[in-house]
DNA sequence: AACTTCTTACTTTTT
DNA sequence: GTAAGAAGTT
């Protein structure tokens, strides 16, 4: 792939000739205006240039500023030339921002800092230069998760395993985890070998082998391969150690073992490594990040300068206090005390709702109120200033639904990524086969899309043919079609596809080739003259008074065919004369019938898919060729389609790291959802602490107003479930929290106001009787917070609700649940009256008088005698 | 081979 | 409640 040559030569990294270079500037002592705006801690972090530096930067303490100033300072003082700095980030966005800001400090753009990027992007660059050392060619392809899983599925089936019992996804997860730990199959421990029905190791090895055959690697390999290379080739490593004079790492708390090893190898020599991170914001443990990396930095690099950035420039004191109070419950922290010079500000606001829908409704209204500036004490906020940060993406739906109905503009960030969409992946698979015909995974994906009559049988035949002949799938298909192994539709369909692929490839490799162009031109003029003859004939017929439409149908048809042939050839010429691959992409999508397939599809989302395809082609315009584009897409999976217009942002907490908003809503603070049950099940205490850090990240995103909410009932998997408020709510400091009262029919609900906390007022309101009844009936026995609640109930008697607890923390108590007994008469708002047949967990089997037998969650029915209280 | 209906597992989080 | 996959039908 040609995309790699441009940055090949380290040694020859001459400064750009057309403007004064940074390194030239760096030679002389330059003014350092960027140092002026730094506080003492930041300044220390910038000026401690040599040796290991650990910058512990709490949320909102100007970490990026310090980091970018440091780069600028290194350049400005002549310590390093732009290409001698290795600066690693986790996201493309962070890399972009860093580049921009360094440029701003320096007063010019810094193209020379070519080793500034994500771990993955930098490793690709390195690996392309040394691919042969791990048995790859430098034009290897990078598989995405989808390809990875299909490949693993094949291997699992080939091993004679049931791919239902042993899902490829799970194996992919295991392999990913191993790669994150820099474990090659040979290095797997005994426990890991036994994984996946004792075949984990074997399958992993087979997978790696297959990747090499395909000249491909997955995401994890990018780092793993580089670590392997550096470990096995000390000379090469030394070279890189000399090249990278200064290393900077952003979000160090998120590094996994492989990344850590890679960094350590590179930093070993001069130890000029500066790691920036915040152990309290480590939220990627699930994908292999090791908080331990940051915790033991001082051990790894003895004599390291440790700088703490603790002055927060983002949030009000109340918000900071809330965040600090929550995170304080974690153990094993490096410890930081955030403070701010600000004085005033709104307290963190807390509110409980009846269910998820009401929560969405309330948040919608609140956002509108903020927007129009009608909230007491609060200023007016643009919609762009407001964000809803959820724990899991499925929470977004309730908000989207609500905002659609009230017409509140919103933008969802981090939804299904553009390049992960079906139609985009299909189109890309076509491109991939054209560029590299041996890309079996891509060929397999498109061989029957659109339908070409290739089913299971034909596919197996093709695979067997390919294997016995030792050729790629595409060639296997060619042979199978020629030898008559394929029949009927499959045969013609495959033959046509192969011919088209060959043609597209021919075009692709001959763009700008004048000979080919003149060949096509000649063909066009030949066809044109034929068309001329036919048209003359038709004209003659017409002049003779014949009914052309009826009598000369054949001639007319011929004319039409000629015209379309000419059009096709003209498009080829247009492509061959152009300077990128946009037209080719159009030709491929058009001739393959892929576009037509969606045009004929009557699904309501097909127009959207066609739109996406158009955008894909448009995006190609910015690239020299398809190859470069595919490389870009493999690494840049973010969808930063900047929509314009004022909109509320909806995103996950993970997605929000590094961002800030004046107004933040944090909904769904309920046990099981946040902290996520899965997190706790899989990682126990550690999982819980990571969830807590997520809570900390969430709160610290807020500049002025932070609103936390929870719902008593929520639909999970389409089933209603009663929810308990999150334990994190208990950890909020009461003095810094305002409890708001939910509006609507149910009166106080969880949230009766002010000093009394939730209790008396709400219960006394009468309106909330039904609400309470429902909440009480929730099956708390099975819920994670039950034990906790039970202890509290014993302590505090039978009073329900939230009230101020000792030690200044919020406490939420619940009365022991009213339990139904078999035989109870009950009432349900939709099904009417019935009788309890069976009790199972939180579900009741009920025989309804008019609707028959149903199974429902207990919180949905009330004892029959109380039914009159239900305000529906 | 393609289309239909039915079952099932699924909800974290992403380079 | 959905989306993907299996099983069953044309």
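Just so you know, glycine gets a Cβ as well, placed from its N, Cα and C.
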TrEMBL annotation of region 'Disordered' - which of the ranges A:1-25, A:26-50 it falls on: A:1-25
All-chain count of other Cβ atoms within 10 Å of residue A:63 (ATP binding site): 22
Local backbone state of residue A:64 (ATP binding site), from DSSP in three classes: helix
Binding-site residues: A:61, A:64 - member with fewest neighbouring CB atoms within 10 Å: A:64
Cβ neighbour count (within 10 Å, all chains shown) around residue A:58 (ATP binding site): 27
Intrachain C-beta neighbours of residue A:60 (ATP binding site), sequence separation six or more, cut-off 8 angstroms: A:312, A:313, A:314, A:315, A:338, A:660, A:700
Cβ-centroid neighbours of ATP site A:57, A:58, A:59, A:60, A:61, A:62, A:63, A:64, 8 Å, sequence order: A:278, A:309, A:312, A:313, A:314
